[in-house]
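S.K.: The structure that follows is given in the form of structure tokens.
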């Protein structure tokens, strides 16, 4: 994957004026997105994420900042392109939305073809391209169907095909799976991941669900109240979230909070004996391959009772989390915990035996 940024947003501000009020929707945000990334931008409603991505193709003009797309500066405290150049630039960027925005009176085939209206292609070339795009999104057999005859997932596939009609280098997905059921969401995410690999497509994914980012993105930015509060690789953010909002998103995505509620109700945890510790272990990469709990038993005679375990694959790297009760001699227990930490496993003490 190339390390060259295809999208550079530098010190972006977006300010709206409403009834003598000034609303700072985006505040001094800098984000660089590399060619071929699937880049997730996460935040709750009102965080500014959708406003931010709309500046990428200048559907929303910033109040200040600099925008560079594929090495071309398109905004530097003012629009630097002519209207013709801007139209050409926008052809490089496709968009899909939560609501599919298909024309109800047109078939799937005609909806995709509509995006080629000003392409300059012959009628035959357009037909061939539309057929290829529908095949790419797995809808060849639905070409003649109208939107009312399609499921939500199929409508989104038509919208994706239409967004790809002008061979964009960038695809912006703004909450594109929010209206879909979980199974269909996974199918659409798998399609986006496939398009990223097949076409080298850079995808900017706007969502309020960290689960979606976890499933397909390789980098993530977290926004709150118009500000960028955390940014990095998905692996780093999931392994070492700094901000409380990010931690909350990750807890929801991994299900650890729900698991902890059940763990805390177990008698063995309620009545944790002296000489035992309830700990949470987080580990990534090579450390998931080490039989660590077996080693600490052999070396320190410390036993481990596993109450919860989960392994995810994030950007191709295994990341795990466990909640265990470690039991043994006090000094041996201290040494075992140190050995775990020395093995690049993050250890958090949740409860100590004999204490409330």
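Placement of Cβ uses the backbone N, Cα and C atoms for every residue, glycine included.
Below, the features straight out of Swiss-Prot:
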type	residues	note
BINDING	43, 44, 45, 46, 47, 48, 49, 50	ATP binding site
DOMAIN	7-250	domain 'ABC transporter'
S.K.: Determine which residues of this chain, when 43, 44, 45, 46, 47, 48, 49, 50 are set aside, have a Cβ within 8 Å of the centroid of the ATP site's Cβ atoms, and list them as they appear in the sequence.
M.R.: 208, 223, 224
S.K.: Under 8 Å Cβ to Cβ from residue 45 (ATP binding site), same chain, six or more residues apart: give me those in sequence order, or none if nothing qualifies.
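M.R.: Result: 208.
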S.K.: Averaged across the domain 'ABC transporter' (7-250), what pLDDT does the model get? Just tell me the whole number, please.
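M.R.: The average pLDDT of the model in the domain 'ABC transporter' (7-250) works out to 93.
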S.K.: Identify, in sequence order, the residues in the chain of residue 46 (ATP binding site) that are 6 or more apart from it along the sequence and have a CB within less than 8 Å of its CB; answer 'none' if there are none.
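M.R.: Listed in sequence order: 225.
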S.K.: Any same-chain residues 6+ apart from residue 44 (ATP binding site) with CB under 8 Å of its CB? Would you list them in sequence order, or say none?
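M.R.: Once residues fewer than 6 apart are set aside, residue 44 (ATP binding site) is near 208, 224.
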